[in-house]
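Visitor: Quick one: the structure is below, and I'll ask about it shortly.
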Amino acid sequence: MINLCRVEEIRAAERAALAAGHTEADLMRAAGRGVAREIERAAGGRAGTVLVLAGPGNNGGDGLVAAAALQERGWRCLIWGYRRTDSGGAPIDAATADQFVWIEPRALAEAARGADVIVDAVFGIGGKDTLPPEVVDAFATVAAVRRERSTPVVALDVPSGVDADSGAVAEGALAADMTVTVGLPKIGLYRAPALRYTGILRLIDIGLPAPDISREAPQLITEQDVRAWLPRRHADTHKREVGTLLVVGGAPTYYGAPRLTAAAGARVGAGLVTLAVPRSLIAPIATALPEVTFLPLPEGEIGGAGARMARMIHEQIDRYQALVVGPGLGQDSPVDEFLNALFRVRTVAAGIGFGASTVAEEAQEFRAQAVLDADALNWLAKQSEWPDRLRSAQLVLTPHPGELSRLLDTEVDEIVADPWSAAREAAERFGQVVVLKHGHTVVASPDGTLLVAPQALPALASAGTGDVLAGMIGGLMAQGVPSREAAAAGVYLGGEAAILAMERVGTLGLVASDLIDALPRALAALYDARWGRIGG
Ligand SMILES: NC(=O)C1=CN([C@@H]2O[C@H](COP(=O)(O)OP(=O)(O)OC[C@H]3O[C@@H](n4cnc5c(N)ncnc54)[C@H](O)[C@@H]3O)[C@@H](O)[C@H]2O)[C@@H](O)CC1
Ligand SMILES: [K+]
């Protein structure tokens, strides 16, 4: 993890790097070259034409270094300057700078139309809260071309006009498709409204010292974290040892949801996934998911079915390391009865012995590890004092703002206005891990920590993506990953899978099952990276 930093912390880190012997030119060179690498990668290694909008300060300097690095790799570089007419101050050799083509304001539209990539390097963390009119005009020109031609816009460090602390956005700012952040993550980029302007976020290391991890600061979930949290298997293990997951859900009209959850649990590595669903759902699900096993439950309409369903789960619960409860359960009265019975008391047979004629039932607390999603959260919101009653369980709640508003008994608007505080309050009040799915999804824990997803992806606004997330988290918990880390890893993997799926199906075309298809590749990149290296 790495703290999301405020501007003053970034300036302090820069000063520390300079005091440690780096020069400003070193940092700018590292930043510009890193940005160029990200652009090349996004362009699939093909050289083209880049238009750099360069401002007067170090952000503009970084942009010119990036242009120089791209030029060395065969790119043609067009530069539009704001209060800048040359590459003065940027560490670029004169021969390279001589080949830059400087663009007059009236030629900007044509230059933008001829560009394969446009880089916003006008202002960075030294930006003010309004943009100058010339910059607003230039951005409007570029935005029109971006709409017409889908030309990708890359923001350098921050989209110009975004306040890197508060996330406020100046009138006329240019939305980017990718923001390459230099050195340390800026907290404002992860907040609304800035998050609507950043696109995909990439963080490049330029050797700035990161501030110490603190509980108060929101922390970014990084690739290194997730790699370290992933379960490790012994060669002589077997399917029950590497994670057994029970997914409880499904109603006659919702058999897609538990199916997605179970598939995600299996794809994230749980050795055995069992679906506890009404009997009539088994045939349609089994055809699509041959790997899962089933615990057939009685149909919901039959009187008293809820209590019987709960008893069947209790009889099996010790065979599973984690549960996911909720996907597609519905909200009718047998469901309430079922969840009351499942979570309130755990009845165990006592006094069974040879010749014993009576079977007493004893109430026990629900102690299992479980992800509670969707209709299980709606049920929970109707209960009183549940945080105390479920104190011995290890729960991960995965609400969207509407579900969290019911759980906290507050307005959705309040949650959306300050999602991080709402998630923290919920985790503290409930004593459980809370995953709030809004913007950059966050994982809040009762100990006060807040882990923030590296991406906020509009492609994930599609039915069933929440079921997939619940399945990934449950699947990781079943493999022994602690609940907070399982939640954060699930959130991270969901984002990576979405980015991979978007390469194939795009933002609008993405549906939840695309995430499951892409998940093995996202996992392989983290877990089996060594095979990639051996092979290539
Ligand atoms: N200083 C360093 O050591 C490093 C700087 N870096 C880069 O440098 C950036 C910060 O550089 P600077 O501190 O030079 O600041 P900026 O490049 O963000 O902008 C500073 C200049 O633009 C002017 N300006 C900003 N907003 C304006 C507005 N709305 N209207 C009119 N003028 C405006 C400022 O007065 C100043 O002259 C970072 O975002 C990053 O890109 C990084 O590469 C890391 C290392
Ligand atoms: K910028």
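Glycine residues also receive a Cβ, built from the backbone N, Cα and C atoms like all the rest.
TrEMBL annotations: computationally assigned, not manually curated.
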Visitor: Which of these, G431, G448, G464, G466, does TrEMBL list as part of the AMP site with K437, H438, G439, H440, T441?
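Guide: Among the candidates, TrEMBL records only G466 at this AMP site.
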Visitor: Per TrEMBL, what member of D116, D120, D205, D212 joins N59, S160 in binding K(+) at one site?
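Guide: Candidate listed by TrEMBL for the same site: D120.
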Visitor: Can you check which residues sit near N59 (K(+) binding site), meaning Cβ under 8 Å from its Cβ, same chain, 6 or more apart in sequence, and list them in order?
Guide: A121, V122, F123, G124, I125, G126, G127, L156, D157, S160
Visitor: For N59 (K(+) binding site), which DSSP three-state class applies?
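Guide: For N59 (K(+) binding site) - judged by DSSP and reduced to three states - the answer is helix.
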Visitor: Which residues, in sequence order, are found in the same chain with Cβ within 8 Å of the centroid defined by the Cβ atoms of K437, H438, G439, H440, T441, G466 at the AMP site, excluding those residues themselves?
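Guide: The answer, listed by sequence position, is H400, P419, V435, L436, V442, A453, A456, L460.
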Visitor: Report the same-chain neighbours of K437 (AMP binding site): residues 6+ apart in sequence with Cβ closer than 8 Å to its Cβ, ordered by sequence.
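Guide: T398, P399, H400, P401, G466, L469 - these are the non-local Cβ neighbours of K437 (AMP binding site), listed in sequence order.
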Visitor: Along the domain 'YjeF N-terminal' (10-214), what average pLDDT does this model show?
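Guide: Averaged over the domain 'YjeF N-terminal' (10-214), per-residue pLDDT gives 97.
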Visitor: Running a distance check here. Ligand 2 versus the binding-site residues D120, S160, G439: which have CB less than 6 Å from one of its atoms?
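Guide: What lies within reach of ligand 2, judged by Cβ under 6 Å, is D120, S160.
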Visitor: If you count the C-beta atoms lying within 10 Å of each candidate's C-beta, which of the binding-site residues N58, S160, T441 ends up with the smallest number?
Guide: N58
Visitor: Beyond N59, D120, S160, what residues of that chain have CB atoms within 8 A of the centre of the K(+) site's CB atoms?
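Guide: Near the K(+) site, beyond N59, D120, S160, sit L53, G55, G60, G63, A121, V122, F123, G124, G127, A155, L156, D157, V158, P159, G161.
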